[in-house]
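Asker: Dropping the structure in here first, questions after.
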């Protein structure tokens, strides 16, 4: 699996220290093991997890600004855990409403020694944080409107950002953004061996 990860990283132009590579593989191994009982992801093949979960998450890293992030609707820790592994200088709160997912996240935290994550079981609308976050990250929401309405209280004003991971560029959604939200950028992400498009939408309060 290390060989596969190395080849994907090379194609993506990403260089990581060995410790981070081993943590990423350790995460895939835990996800594969727990998935059989907990049904955490529809991706069953660990080699595919490297593409669709690991690379798909860490390509976002260069575009994140700040040091305190929350991954909303993180599920089994995506994109939060891969990002936390490659950004040990930043802190990631991993929010999910399902207890079995949060139990898995705590196990990952323990086994991989990740001191920069905090798994939290909560519904997003009931969760508050002081101080607020530099960035709100999610690939879980069906629409940008849902993300903005559920998470409006989480980023610091005015400099905090929303980072939405989407497939095809959501032009219909971008055309109807609320008046108090400004589109900062739409970034086409290149994920090696991934079928379909990936875009990162970065939004700010104005």
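For all residues, glycine too, the Cβ spot is worked out from N, Cα and C.
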Asker: Looking at Swiss-Prot, 73, 78, 124, 125 are annotated for S-adenosyl-L-methionine. Which of 106, 139 sits in that same site?
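Answerer: Site partner of 73, 78, 124, 125 for S-adenosyl-L-methionine, according to Swiss-Prot: 139.
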Asker: Using a 10 Å radius around each Cβ and all protein chains in view, which of these binding-site residues has the most neighbours: 78, 124?
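Answerer: The largest 10 Å Cβ neighbour count belongs to 78.
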Asker: 125, 139: which of these binding-site residues has the highest Cβ count within 10 Å of its own Cβ?
Answerer: 139
Asker: Reduced to three states, what secondary structure does DSSP give residue 73 (S-adenosyl-L-methionine binding site)?
Answerer: coil
Asker: Ten-angstrom check, please: count other Cβ atoms within 10 Å of the Cβ of residue 73 (S-adenosyl-L-methionine binding site), all chains counted.
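Answerer: Other Cβ atoms within 10 Å of residue 73 (S-adenosyl-L-methionine binding site): 22.
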Asker: How big is the S-adenosyl-L-methionine site in terms of the longest C-alpha to C-alpha distance among 73, 78, 124, 125, 139, in angstrom?
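Answerer: If we measure all Cα pairs in 73, 78, 124, 125, 139, the largest is 19 Å.
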